[in-house]
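Trainee: Just lifted these from TrEMBL, have a look:
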{"type": "TRANSMEM", "residues": "6-30", "note": "transmembrane segment"}
{"type": "TRANSMEM", "residues": "42-61", "note": "transmembrane segment"}
{"type": "TRANSMEM", "residues": "73-94", "note": "transmembrane segment"}
{"type": "TRANSMEM", "residues": "115-137", "note": "transmembrane segment"}
{"type": "TRANSMEM", "residues": "143-168", "note": "transmembrane segment"}
{"type": "TRANSMEM", "residues": "180-200", "note": "transmembrane segment"}
Amino acid sequence: MNALDFAASAFITLVVVVEPFGLAPIFLAATRTMTAPDRQRTALRASAYAFSILAGAALVGDPLLSALGISMAAFRIAGGLLLFSIASEMVFGLRIAHEVRDAAQALQENVDDPAAFPLAIPLIAGPGAIAAAILLGGRAHGAPLLLGLLIGAIAAAVLLCWAACLLAGRIEAALGESGALVLAKLLGVLLAALAVQFVIDGARAVFLK
């Protein structure tokens, strides 16, 4: 895989996992009592938090796994299964319900900064996105160019999330509940295929070692 293909694959994987357009209703619910400037600042902070988490996972994930005695092949299989579970929730329309529940819980608990919870974690930098960042970081391990491209792909995906938060009202009006569900199902199918590929890559590395 050349550098351009890796960058495109990393960006697509992250966008599919994060599902930026699905953030719109959650962002509106979590910031419903805020003024427009406060919403903009919240979107920026959430994006900054999420970028820091995902970039950190990409950079230190592989060395951390090595320190724990976990092979990247094993993590590819585990991460692929996790992503497949998330894809199943997207296909069957369960993920949005879980995200709405998290946002409602944050509001009920009077969370001071929804940018951290539930927006940055778990909506943008959730378990699936973190696992994807670590898996992609493993592919880029030892290749500074690929690692730089991966950080760029993470930044681009997070910027897309930031834009989706700023345009949340328009996105929700354009897509509606039905449109959001259809988009989530389509992205879920794509994520399922990516997840299976991670599992295949991990199994191949284990059995051909």
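The backbone N, Cα and C atoms fix where each Cβ goes, and this holds for glycine too.
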Trainee: So are the transmembrane segment (143-168) and the transmembrane segment (73-94) touching or not, going by 3+ C-beta pairs under 8 A with a sequence gap of 6 or more?
Mentor: no
Trainee: Let me spell it out: take the transmembrane segment (180-200), skip the flanking residues so only those 6+ beyond its ends count, and list any with a Cβ under 8 Å from a Cβ in it.
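Mentor: Cβ under 8 Å, 6 or more out: 12-13, 16-17, 19, 21-22, 24-25, 76-77, 79-84, 86-91, 93, 95-96, 135, 172.
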Trainee: Take a look at 6-30, 42-61, 73-94 and tell me which one has the most Cβ pairs under 8 Å to the transmembrane segment (115-137).
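Mentor: Highest pair count goes to 42-61.
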Trainee: Residues of the same chain, at least six outside the transmembrane segment (6-30), with any C-beta under 8 angstroms of its C-beta?
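Mentor: Contacts of the transmembrane segment (6-30) (Cβ under 8 Å, skipping residues fewer than 6 from its ends): 39, 42-43, 54, 83, 86, 90, 95-96, 99-100, 102-104, 106-107, 114, 118-119, 123-124, 126, 128-129, 132-133, 136, 139-140, 146, 149-150, 152-154, 156-157, 160-161, 163-165, 167-169, 171-172, 175, 177, 180, 183-184, 187, 190-191, 194.
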